[in-house]
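I have placed the structure first, in the form of structure tokens, so that the comments after it can refer back to it.
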Ligand code: HEM
Ligand SMILES: CC(C)=CCC/C(C)=C/CC/C(C)=C/COP(=O)(O)OP(=O)(O)O
């Protein structure tokens, strides 16, 4: 047997003996994604009321939304473990690597989902509990199991699940669906395609290898860049609506204009004057953009300009 074949065999045999730590389970929950989802939910909660959010709703709501989102992320790791093992970005994930078994991960997801749903049902309200569960089903099952493998519009449709947390925050506080909450959902919904497609351009070869029909692979990189510009313009227009409808004030308008201006600049640069790192830069900025945008919404709410 050649040296390299021996090394590969040794690596495979070694996998079941790898030590599993709580960090591996933590990684399965996509913690940084869930943190940003929770920020958008928090903003939904705060904007739903002119007074302070009831501490019980705040704690149980954040816990329930966080745990159900984490559970969805764990299920995504299980469903995708074969394709994850084929891609450079994801091959090291705990289930893909065989460090955590499918059964253990599913057990973990079930525990998170039960506690999360119970927290919302008992301490918040049933509307929020069901809507959050719908988010889990949308992401873990409809997007991951079906859309992701079926159509290059996967992340546009599936993006609804990731966009729902501001509505969940809102319904947690008021018990009802309000047009303002849907406006916040719409912002995240139109932000998602530029966020993801920028990364998909950078990782085009990964997705081709795993035979996942992401837009850059099915329709080409130039077309994807044009779509990024179109969705960024749409997001910029939608971002004016909170000001025009009176939900948010001048501070928000100023902050969102700066953030959106830079996002649009990045999208145009990616299309017309790209450098080797521009796609990843756009992806990284998208995360800062959404985070700061929602912080600005919050600041504007408490310090009306
Ligand atoms: C269908 C919708 C979405 C898709 C397909 C998507 C896709 C991705 C991918 C592939 C990554 C890279 C993860 C990695 O580096 O391993 C990522 C990172 C990230 N996404 Fe998204 N995303 C979506 C929606 C969202 C939403 C709604 C949020 C939050 C509101 C979000 C927040 C983040 C954050 C914070 C990261 C960085 C994670 C890290 O550094 O560990 N994403 N996204
Ligand atoms: C209750 C609720 C609101 C649930 C769902 C929210 C949730 C966890 C959304 C995350 C969106 C996301 C990171 C998609 C990437 O999946 P991917 O499989 O395309 O990316 P990957 O290759 O990095 O796994």
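Heads up, the Cβ atoms here are built off N, Cα and C, so glycines get one too.
Bear in mind that TrEMBL entries carry predicted annotations, made automatically and left uncurated.
Features as listed in TrEMBL:
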- 33-53: transmembrane segment (TRANSMEM)
- 59-79: transmembrane segment (TRANSMEM)
- 100-123: transmembrane segment (TRANSMEM)
- 129-147: transmembrane segment (TRANSMEM)
- 154-173: transmembrane segment (TRANSMEM)
- 179-202: transmembrane segment (TRANSMEM)
- 223-244: transmembrane segment (TRANSMEM)
- 250-270: transmembrane segment (TRANSMEM)
- 282-303: transmembrane segment (TRANSMEM)
Item to complete: Go through the chain and flag residues at least 6 beyond the ends of the transmembrane segment (59-79) whose CB is under 8 A from any CB in it; none is fine as an answer.
Response: 28-31, 33-34, 37-38, 41-42, 45, 93-96, 102, 105-106, 108-110, 112-113, 115-120, 122-124, 128-129, 132-133, 135-136, 139-141, 144-145, 161, 165, 168-169, 172-173
Worksheet item: For the transmembrane segment (179-202) and the transmembrane segment (129-147), does the number of C-beta pairs under 8 Å, pairs 6 or more apart in sequence, reach 3 or more?
Response: no
Worksheet, complete the sentence: Long-range CB partners for the transmembrane segment (33-53) (under 8 A, at least six residues beyond its ends), listed in sequence order, are 61-62, 65-66, 69-70, 73, 162, 165-170, 172-174, 178, 180-181, 184, 188, 247, 287, 290-291, 294-295, 297-298, 301-302
Discussion item. Out of 154-173, 223-244, 282-303, what stretch is closest in contact terms to the transmembrane segment (250-270), meaning most Cβ pairs under 8 angstroms?
Written reply: 282-303
Discussion item. Give the nonlocal contacts of the transmembrane segment (282-303) in its own chain as ranges (CB under 8 Å, at least six residues past its ends).
Written reply: 36, 39-40, 42-43, 46-47, 184, 187-188, 191, 194-195, 198-199, 202, 228, 239, 242, 248-252, 255-256, 259-260, 262-263, 266-267, 269-270
